[in-house]
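Input: a single structure, listed below in structure tokens.
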């Protein structure tokens, strides 16, 4: 069973997202029109899927691999340099090269950024292997590496040629990784009331990993993101900002833990709860709404407990570095109801007072 949908960005060419019930890498062959292929993956995914992927490629291609260490802390300049050096050392050229990102969000982000900057832009293909990367980072063209002072601070908007994925990847995905991915899925429920109701009525099947339900879940999640990206590909109008619900707080958590604590999806889960509580603090929603929204997050196995190893001063400093901020104004994605999120400016003083009472 294959589900296919199209992403139509504002400025870039359209591309397909292919969600498969089985794992059949041959579906991407029609998109590999280049003769030089560099497969970027990590040590974990390489052991599981690299051999099968390489076997699916035709014989007349010049195929090389670049295997990075696994973990958010390796979404770095050093890893980027390794990819670029591999391309240069093997004389890969702009018009004959395609990069393939075989892995989760870190691999997709760093490979996409390498594609964006190598010889001013080469083709790349996304093969996301985690639930989180399937529904979020592989769609929409955000590519980046981290800086020691902040997450995703060095990057570009650059769209893939195609996204291919399969729910069969879940067989080798830990329960922790699966639940981390569910946080990004739940994020879309706060953006779309229809999806909120669908998730609510299909919770048991989702937690039981029913294959038909999961394909529909991934498809619906990608559709919501694709619709937003079509309106505001490069975050010029502010429409795309709602996709960052939970991320302002979440990114700060990751930064404070040096990307070695909570996984990205876990941090987003906590971040959404923080954004919900901040919305209540500001009077945008009632106490009962805040409880209902947080209970909805928790009902999918997602923890909303704030880590106890984070210093409030350091956390506040990390939030001040958020990319949405401008002219020293703090900007947050806040909630007024299901399907009603908005980008709002708040003062540093308001945030400090909220953090004081919420810790």
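The backbone N, Cα and C atoms fix where each Cβ goes, and this holds for glycine too.
Residues 184, 264 are given by Swiss-Prot as Zn(2+) binders; from 147, 247, that same site also lists 247.
The separation of residue 184 (Zn(2+) binding site) from residue 169 (NAD(+) binding site), Cα to Cα, is 17 Å. Separation of the C-alpha atoms of residue 184 (Zn(2+) binding site) and residue 172 (NAD(+) binding site): 19 Å, rounded to the nearest whole number. Geometry remark: residue 264 (Zn(2+) binding site) versus residue 105 (NAD(+) binding site), CA distance 9 Å.
Counting only same-chain residues at least 6 apart in sequence, those with a Cβ under 8 Å from the Cβ of residue 130 (NAD(+) binding site) are 103, 104, 105, 169, 173, 177, 180, 181. Geometry remark: residue 172 (NAD(+) binding site) versus residue 247 (Zn(2+) binding site), CA distance 27 Å.
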